[in-house]
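Single-structure report; data block below.
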Amino acid sequence: MHRVFSGIQPTGNLHLGNYLGATRNWVALQADFECIFCIVDMHAITVWQDPEQLRASTREVAASLIAAGVDPRRHVVFNQSQVPGHAELAWIFNCVARMGWLNRMTQFKEKAGKNKENASVGLFAYPNLMAADILLYKATHVPVGDDQKQHLELTRDIAQKFNNDFKCDIFPIVEPLILGVATRVMSLRDGTKKMSKSDPSDLSRINMIDDADTIAKKIRKAKTDPEDLPVSEEGFAGRPEARNLMSIYAALDGIEMDAVLGRFGGAQFSTFKQELADLAVAKLSPIQDEMRRLMADPGYIDGVLRDGAARARAIAAPIMAEIQDIVGFLRA
Ligand code: TYM
């Protein structure tokens, strides 16, 4: 059996990296897999979230998923906190994963920064919750951007250790699906840094809610170098901004990098940026219009999430019971 699971945090605005690296691939996978898409509000609170803002962001992310083409009737869309199995299994995994494994997680080091002593325990244990998200449904395939690769390796390690420790084969060894030409969209201000919600500069990212003028302005202001655009992949050496902008173009247009190099190689950045801005607006504005329409009807969004949570609980319940039996929790 094949089952897709993926998650996204409801922290602030979704950006082009989330769309090209993840959610657009989710939409494509719906035709071939049973899919479970989770808005991970419990992961969000590993760093401080204003409660009202968290609720609003949860609805906004749900709206943006549906607007991008996720079909909540055929697949499951819900927020994590509403299915208790995530927390229950995460606790079991806290007892399976080793301190040494988590100490190697680069995302914790980046997020905690120099002030490790003051990071929440949840931020440290974050990857165990992520493993629980996936394995609670025995998901087999997990579409993510490149930055989540290490967390999925840990998920595989946890599944393997649990299966070994308890001499069973309950958990599948998940396959990461890192798809497309834009698996790691970089900041528009610095081609060596990931495009991220937490970058203090709003000019560094294209948000899914930016209007056409803002998108065009951000692309116009994107960092470049003085050379013309390269004609082949080798020409990207030492030119991360050129690579980033050209791969964004390829991903948005659904074409290979070679085709972009063939079309714009040797052109000036200014000419290319204009074309890129037009393309980005053309591709994103229908999604944005739909998102605004959905956001005007929070009752509908809440209904989708409520229904999704009920279906997720129904899938998770027998698996959680099986896990409890294996661990030795008495279900009297
Ligand atoms: P999050 O919310 O940071 O990001 C959601 C998805 O977007 C991808 N992504 C990117 N892809 C390409 N370029 C970028 N600049 C970029 N930034 C973000 C991420 O790789 C991700 O696929 N821990 C996860 C959420 C999660 C999860 C899970 C994912 C929780 N449980 C279980 C898969 C399975 C996270 O923080 O994603």
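FYI, residue positions are counted from 1 along the chain as it appears here.
Placed from the backbone N, Cα and C atoms, the Cβ positions cover glycine too.
Residue ranges 194-198, 239-243, 289-293 are listed, and TrEMBL annotates 194-198 among them as motif ''KMSKS' region'. Among the ranges 10-18, 199-207, 217-225, 226-234, the one that TrEMBL lists as motif ''HIGH' region' is 10-18.
Among the binding-site residues Gln9, Thr11, Val185, Met195, Lys197, the residue whose Cα lies closest in space to that of Asp133 (L-tryptophan binding site) is Gln9. Spanning the residues Gln9, Pro10, Thr11, Gly17, Asn18, Gly145, Asp146, Asp147, Val185, Lys194, Met195, Ser196, Lys197, Ser198 that the record associates with binding ATP, the maximal Cα-Cα distance equals 19 Å. Within its own chain, Asn18 (ATP binding site) has Ile8, Gly145, Met208 as residues 6 or more apart in sequence whose C-beta sits under 8 angstroms from its own. Secondary structure from DSSP puts Asp146 (ATP binding site) in a helix.
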